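Engineer: Take this structure first; my questions come after.
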Amino acid sequence: MRSGLLNIESADADPLRAVVSVSSDSSESINIAQFSISESFLENQASSQQSNLKLLSGERFVIVQNKKAIEAIPSFIYLTPQSGISAQFCATNYRISLEPDNIHFCYENKIRPEFFDIPLMMIEKFDMSFDKVYSRFEIFTKDGRSLRVDINKNAQFEYNVYETLSSYIFSNGVTNRFAFFHRFFGQIDGWKLYNPHSDYGRLGVADIPGSKWTFLDNSNWEFCKSYPEILVVPKELLITDIKASAKFRSKSRFPVLVWLNKRRKATLWRSSQPKTGIRTSRCIEDEVYLNYIAKTSHREPKLHIFDARPFINAHAQRAIGGGVENTAYYENSELHFLNIENIHAVRESWFNMFNYTYNSPPSKYFSSIEKSEWLDHLSSILQGAVSITESLNSGISVLVHCSDGWDRTSQLCSLSQLILEAHYRSLRGFAQLIEKDWVSFGHQFEIRLGHASENQNDDKRSPIFIQFLDCVYQLTVQFPTHFEFNSLLLHDLTYFSYSGRFGTFMCNNMKERKEFGVINNTSSVWTYVFENLDKYTNSFYVQGQEDILSPVASQRRFQIWHDIFSKWHADFYYPVVKLLGPQDHKEVLMRSACEGMQLYKALIDKKEKEIQELRKQMAEMQGYEIADVNN
C-alpha cells in the first residue's frame, strides 16, 4: 500500500519543515510508470508548451524568453528516486503548477491533484543540482510536500528557471509579493469587517460620561508599536500612568481590555510580562493599574493573573530582564501559571507530528502520535482557556500574558471568547475575533510562518496560529451544532496563512501593514470567505445557542486533525476532489441530505398552499350554489 513518508535527511536542518514524499513500501508497489530516461529523450524536451493552467487575477507566467512568456516546460516529476512521470512544468508569480501528462495519474495513485499546485510562499526550500543532461529542482513545502522536478539542462540555461523562481519564492520586500498584484472582489470588504468601536460598543464599552472605560488613540504608535491603533483602557488612569506601565512591560505591551462580561461585569485583559528582572523591580503605576482592574470585578475586588508559561520558564526570564508579578505588591491579585510550552517546543512537536503521521507503521501509529506531544500542547492550551472562562464567569476579572504577549496570549484570549460568547462562534464573529486578537494585536505572522525567508533554521518560526486553529477544530468536534463555520474554513485559513494570496496574514503588526500599504493594496482573506459562504457554513449549526461552552480538555476527547497532518497520505485520499477527509466527507453527505429535506419541505409547503387555494375556491363555489337555490 502506498504511503507518504517523511524525508528525514532533508528535514534535519529545520524541525519546522516536515516534508512529505509520496513513496511505496514493500507490501504493494505504487502504480507509477518506471522510466529509463535516455539522454536523447531529455534533449528533445527543452521546447516550451502551452499550459492548461487557469490564472488568477494578477497572475502571470514568469519564465520569459525574448519578452514572450513560456507557459510550460516539459519535465519529469519524481515522487520517489526511482519513479518518474512526464509532466508540464508551469511557473507563475504565484505558484508552481505541475500537470502530469497522464490525466488519470492522480486518481490511479491516490494523489490529490492539488499536491502539484504549490504557492511560491508555501515553499520552504528550493534547491537545484545538475546532472549530465538535466537540471534537478528539489522542492519542500511548509505544508508537508516534497518532490523533485527534472527539466532539460538546456531549458534551465535558456530560460533561467531556477534564478527566476528563487527571486519570487524568497522575494525581497513585502510589496513584491503576489498579494499586491492580485485582486479578489466581493460584496463584503474583508478589511472593514472588524471595527473596534463597533465590536467594543457591542460589549457595552462606550466613551461616554459615567463609563469606566475610554478609547485610547495609538494611531501614531506612541504607546506601543505592536498594538492596534485603538485601545480600551480604564478611564480614571492618567496618560502618565499608562506610559509608565508600558515602560515596565516587555515590548511596551501594557494591559488593555479585550472583552467584558456584561452580565457578570468581569473583564478580560491582555499584556506582556513585567520587566521585574533579577532585582524584582517594581512599578507603582503598573500596580495601581492592575488594582483598578481588580476593583471592577463583580462581587469583590479580585484579579486573576494567568501567566501562560510554566513556572520555571517564567522565573528564568528574570535573568534576561523579564519576570512575573510579585503578588505581595499587586493588591487583590492572584497569580496562576498555565504551563503552556513555548514556540520552540511547539515547533519541535509540529515537526514530529508530521514525521510520525507519515512514517509510523500502522501498529505504532497511535503511540507515535502520543510521542509527538502535539495533543499534550492542545490540552494545556484548552485547559488554560477553560480556567480563564471559569474565572470570568464567576465575576472575577482576568489578565492574560506570556512573555511578549503575542503568541500564547492570543491563543488563550481568543479561545476564551469563543467559549464564552456565541457571537464569536458565528462566521462573521469568528472573522472579527481573528482580526482583533491575532491581526490587530500583533501576532508575528511574518516571522512565525517564515514568509519568503531562506533561513530555514530560524528558531523564531513556529505554527502558533495553526495550533490555535487546531484547538478551534477540537471545539467544533465537541460542539458540532454551536459553530456556524465548518472544518473546511479552518483548513483553508491554514492554507491561506502560508500561500501569500491575501494580505491578511502578512507582516507582524498593524504598524508594518500601514507602512507597506497592505490594507489599501491587497485583498483580505475574509472577502474570499464571505463570497464562498456555502462552502464554509456548517450544515449542523443551530442558531440561538447562547450558552457558555464546557469543553473537555482531555485528550480522550480529541481527534487528530487529519485535514492538516494526513492530507497527502493515501489512506486519506478521496476521489471527489472537493472532499478533504472523513469529516468533510460526512459533512458533504449530510449537507446534501439537508438540502434534499429542504426541497421536500418547500414542495410540501407549495402543495399545502395549492390545497388551501382549492379549498377556498370550493368554498366560494358552494356559496354561489346556495345563493342560486335561495333565488
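Residue positions begin at 1 at the first shown residue.
In case you wondered, yes, glycine gets a Cβ from its N, Cα and C as well.
What TrEMBL lists as domain 'Myotubularin phosphatase' is 190-565. Marked as substrate binding site by TrEMBL: Asn342, Ile343, Cys402, Ser403, Asp404, Gly405, Trp406, Asp407, Arg408. Per TrEMBL, active site, phosphocysteine intermediate is recorded for Cys402. Residues annotated as coiled coil in TrEMBL: 597-624.
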Engineer: DSSP on Cys402 (substrate binding site), three-state: which is it?
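Structural biologist: Assignment for Cys402 (substrate binding site) reads coil.
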Engineer: List the residues of the same chain that sit at least 6 positions away from Trp406 (substrate binding site) in sequence and have their Cβ under 8 Å from its Cβ, in sequence order, or write 'none'.
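Structural biologist: Trp406 (substrate binding site) has long-range Cβ partners Ser226, Arg253, Ser272, Phe441, Gly442, His443, Gln444.
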Engineer: Let's check the environment of Cys402 (substrate binding site): how many other CB atoms sit within 10 Å of its CB?
Structural biologist: 28
Engineer: Taking the Cβ of Asn342 (substrate binding site) as the reference point, list residues of the same chain whose Cβ is under 8 angstroms away and which are at least six residues distant in sequence.
Structural biologist: Arg309, Asn313, Ser403
Engineer: What's the number of neighbouring CB atoms sitting within 10 A of the CB on Asp404 (substrate binding site)?
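Structural biologist: Other Cβ atoms found within 10 Å: 19.
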Engineer: Centre the Cβ atoms of Asn342, Ile343, Cys402, Ser403, Asp404, Gly405, Trp406, Asp407, Arg408, go out 8 Å, and tell me which other residues of that chain have a Cβ in range of the substrate site.
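Structural biologist: Sorted by sequence, the hits are Ser272, Ala308, Thr409, Ile464.
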Engineer: Greatest CA-CA distance (Å) over the residues Asn342, Ile343, Cys402, Ser403, Asp404, Gly405, Trp406, Asp407, Arg408 that the record ties to substrate?
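Structural biologist: Comparing all Cα pairs, the maximum is 12 Å.
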Engineer: What are the sequence-distant neighbours of Arg408 (substrate binding site), meaning same chain, six or more residues apart, C-beta distance under 8 angstroms?
Structural biologist: Ala308, Arg309, Leu338, Ile340, Ile381, Cys402, Ile464
Engineer: What mean pLDDT score does the domain 'Myotubularin phosphatase' (190-565) have in the model?
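Structural biologist: Reported value for the domain 'Myotubularin phosphatase' (190-565) is a mean pLDDT of 96.
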